[in-house]
Amino acid sequence: MIKCTRRIEFDAGHRIIGHQNKCQFLHGHRYVLEIAIAANKTDKLGMVIDFGLIKDVAKKWIDENFDHSLILHQDDKEMGQQIENCTGQKIYYMQNNPTAENIATHLKNEIFPKLFVGQNFFVSNLKLYETPNCFVEV
């Protein structure tokens with residue numbers, strides 16, 4: 001198997017409902033996403049995927065949905081609506097707490113498979129850095 005990885009950076013805020021520490025409060029991160037696309041063999045040009053295609057597809061989705069947004073649990077809609085009404089802030093709701101683990105799993109299992117359809121490659125894994133020292137991999 002051959003993998004090509006593209007790094008995408010974005011800024012977003014979130015909070016973790018029910019967390020007993022400071023992550024229960026609204027705060028933000030400079031996220032770094034590494035998306036690995038894999039195939040069993042290269043195409044006729046000798047590539048798994050053009051790195052530009054990863055950028056065009058994945059980064060476009062990230063920019064439209066996550067970048068400079070507030071990522072919240074769907075149970076946080078009341079707060080999200082108040083923030084959106086007061087500031088115009090873009091809000092993205094998830095079905096579960098927006099932990100790094102859940103965000104990465106959501107992207108890998110629900111979002112990116114719909115974006116990279118009908119190709120001879122697949123999203124093999126994602127790394128999502130919440131800080132320079134802390135990341136999850138799915």
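Cβ coordinates are placed from backbone N, Cα and C, and glycine is handled just like the others.
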Q: Name the residue, out of H14, H68, that Swiss-Prot lists for the same Zn(2+) site as H27, H29, please.
A: H14
(Q) Cα-Cα, whole number of Å: H27 (Zn(2+) binding site) versus E130 (active site, charge relay system)? (A) 12
Q) Taking only the active-site residues C23, H68, E130, which one has a CA atom nearest to the CA atom of H14 (Zn(2+) binding site)? A) C23
**Q.** DSSP-derived class (H/G/I helix, E/B strand, else coil) of C23 (active site, proton acceptor)
**A.** helix
Q.
Using only C-alpha positions, which one of C23, H29, H68 is spatially nearest E130 (active site, charge relay system)? These are the recorded positions in the record.
A. H29
